[in-house]
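Colleague: Feature list, courtesy of TrEMBL:
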ACT_SITE  Arg307  active site
BINDING   Gln124, His126, Glu151, His288  Zn(2+) binding site
DOMAIN    17-167  domain 'Phosphomannose isomerase type I catalytic'
DOMAIN    184-268  domain 'Phosphomannose isomerase type I helical insertion'
Amino acid sequence: MEIATVVKANGGCRRRLLRLKCSVKDYAWGTIGSDSLVYKVYTANCDDRIDSTTKRPYAELWMGTHESGPSYLEEDADGSSGVTLRSWINENPESLGDRVLEKWGCDLPFLFKVLSVARPLSIQAHPDKVLAKKMHKAHPNLYKDDNHKPEMALAYTQFEALCGFIPLQELKSVIRAIPEIEELVGSEETNQVFCISEHDEEKVKSAVRTIFTLLMSAGPDTTKQIVFKLKRRLHMESQERHLTEKERLVLKLEKQYPNDIGVISAFFFNYIKLNPGEALYLGANEPHAYLFGECIEVMATSDNVVRAGLTSKPLDIQSLCSMLTYKLGFPEILKGTRIRPYITRYLPPFEEFEVDVCDLPSGASTVFLSVPGPSLLLVIHGEGRMSTDASADEVSVGDVLFVPADTEIQLKSSSDLKLYRAGVNNRFLYSL
């Protein structure tokens, strides 16, 4: 597909698509080698012959403009390369559309990813805009930008995560059932939970904040002792009863991250299992940890992460404990809305992004209607032909394309085809 910009024809603007080469991350929690969806997409995207027996973890594929993992325009016919998508957008700001350009300047407001998770990510949260600016100014090497990072994970396989604090009644049951929590934080503090009503939201938040902060702030020796006691007790009780799903998860976490306070803190969070095609969204200052599976992820353009457990990376426990919202309850799971034949939309409550999923049977056709904002397209399975009013070409697994604003795309499959589109949230684009 030809790399070009806006051209004038018959008195109007005609848009071409841009093929992109994308960045890969080899974080330790990623899936090894050819078992990884990231590996499969990345090797197809970059046209590299990578040994399928490699022991390198392939954790994340980044698609977008963030400086920590920029996308590049595909090589021109003469072999030249090195032009980032961000620099191209700077030269072609009209490709974003007026509303996006006015709101976010000359940059994509979203970052698109593929994740292959073989072992748990850290217990973490992402700061809101105010806190992100403070953190970036104080520690620019640790917090790379000054933006917030709401995000959405759309399950490609079954996908497991810890997300948000469990409801109050469940928390009361956890404190009764897990004596190690009271031993760690003190009976006076845990007893507060039993003296408040779920209708008194501020008191609930205050009590949970106190208990969680005390738990996460425990010293390494105390944590080691308590985690050992918890593990020993659960192993003994497993001989006499079936452990709960959360207890089995905690034992699994302990094997992967021994003596980590994140092992015990997992009892405080909702244990989520997404089926393929279900999505989970997270606002700023909400605790979470992805555990296992493969997903398509989209977020505001940021890489700010505050970590507090289940990792060997630097921790900032006090910042995390002070920034959390301490909202209790099970998160909303999005199942998507069919917007036209073969296309399902996932619309979270964030201005920066949305995701469309296209499942197109062999020989079928569909249309991505033009929208007044930019998009990124990812082909994850199959082959087809993609056409605009200015160009047409074949697409297949690993193709990533930038779609300028106001570009309609005709798509016809030559085999069963699965494609993801990330774009700016329609509620923002069409709001008054």
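Backbone N, Cα and C atoms are what each Cβ position is placed from, and that goes for glycine too.
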Colleague: Mind tallying the domain 'Phosphomannose isomerase type I helical insertion' (184-268) by DSSP state, helix then strand then coil?
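Modeller: Result for the domain 'Phosphomannose isomerase type I helical insertion' (184-268), in helix, strand, coil order: 63 helix, 0 strand, 22 coil.
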Colleague: With a radius of 8 angstroms around the mean position of the C-beta atoms of Gln124, His126, Glu151, His288, what other residues of the same chain does the Zn(2+) site pick up?
Modeller: Ala125, Lys149, Leu282, Glu286, Pro287, Val305
Colleague: Taking the Cα atoms as reference points, how far is His288 (Zn(2+) binding site) from Arg307 (active site) in Å?
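Modeller: Given the Cα positions, His288 (Zn(2+) binding site) is 10 Å from Arg307 (active site).
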Colleague: For His126 (Zn(2+) binding site), list the number of other Cβ atoms lying within 10 Å of its Cβ atom.
Modeller: 25
Colleague: Cα distance, Arg307 (active site) to His126 (Zn(2+) binding site), nearest Å?
Modeller: 9
Colleague: Given a separation of at least six residues and a C-beta threshold under 8 Å, show me what packs close to Gln124 (Zn(2+) binding site) in the same chain.
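Modeller: In sequence order, the residues whose Cβ lies under 8 Å from that of Gln124 (Zn(2+) binding site) (at least 6 apart) are Pro287, His288, Ala289, Val305, Val306, Arg307, Ala308, Leu320.
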Colleague: Taking the Cβ of Arg307 (active site) as the centre, count every other Cβ atom within 10 Å, in any protein chain shown.
Modeller: 21
Colleague: Can you give me the same-chain residues 6 or more apart in sequence from Glu151 (Zn(2+) binding site) with a CB-CB distance under 8 Å?
Modeller: His126, Tyr281, Leu282, Glu297, Val298, Met299, Ala300
